[in-house]
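Visitor: Here it is, the structure in full.
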Amino acid sequence: MAASESKESPANNPGLHTTIDEATKGYFMQQTMFRIKDPKVSLDFYSRVLGMSLLKRLDFPEMKFSLYFMGYEDTTEAPSNPVDRTVWTFAQKATIELTHNWGTESDPEFKGYHNGNSDPRGFGHIGITVDDTYKACERFQNLGVEFVKKPDDGKMKGIAFIKDPDGYWIELFDRKTIGNVTEGNA
């Protein structure tokens, strides 16, 4: 890697296009989806533990599933008309779609969903920025949240990983120290 080139430069990232296609100018990351076993448990976690709001709920009775869109938006600004509320929800950035297939919450045979962190590996985690990783983790500990990694565990100090009720991993880092955590790799 050339010293004058940043790690983000096209010279250091074969395949990276520098001219963004005009047709994609309005695109943005809107959501990621988790399949959940029990909406009562997951909604409690994402709202009470992580502080998200329910932006929109969509039910599909014919197909027996519901979608719960969670995010950090101020819902007092959301339209009350159901169609307008859906349009508003899909205009928000970085939301989580919780998908519940009806009946899984009471099915004793249901084993849960694969979170991507065991073989075969795939999806890994989502990331949440917090004001202070240590204070957030102390709160999560008091709430009984399961940890994958606490802030001082392992080689990367100051970041943590928790699990949601379905075993999906959530990385936690704070905006004040994330630059220091990744400094040697920047």
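All positions are counted from 1 along the displayed chain.
Placed from the backbone N, Cα and C atoms, the Cβ positions cover glycine too.
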Visitor: Since Swiss-Prot lists Glu97, His125, Glu171 for Zn(2+), which candidate among Gln30, Gln31 does it give for that site as well?
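Guide: Only hit among Gln30, Gln31 in Swiss-Prot's Zn(2+) site, alongside Glu97, His125, Glu171: Gln31.
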Visitor: Sequence gap of 6 or more, Cβ distance under 8 Å: name the residues on the same chain that satisfy this around Arg35 (substrate binding site), in order along the sequence.
Guide: Thr99, His100, Asn101, Tyr113, Asp166
Visitor: What's the CA to CA span in angstrom from Gln31 (substrate binding site) over to Glu97 (Zn(2+) binding site)?
Guide: 6
Visitor: With DSSP assignments reduced to helix, strand and coil, which class does Arg35 (substrate binding site) get?
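Guide: Where Arg35 (substrate binding site) sits, the three-state DSSP reduction gives strand.
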Visitor: Of the recorded positions Arg121, His125, Lys155, Met156, Glu171, which one sits closest to Glu97 (Zn(2+) binding site) when you measure Cα to Cα?
Guide: His125
Visitor: Output the one of Arg121, His125, Lys155 that, of all these binding-site residues, has the highest number of other Cβ atoms within 10 Å of its Cβ.
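Guide: The largest 10 Å Cβ neighbour count belongs to His125.
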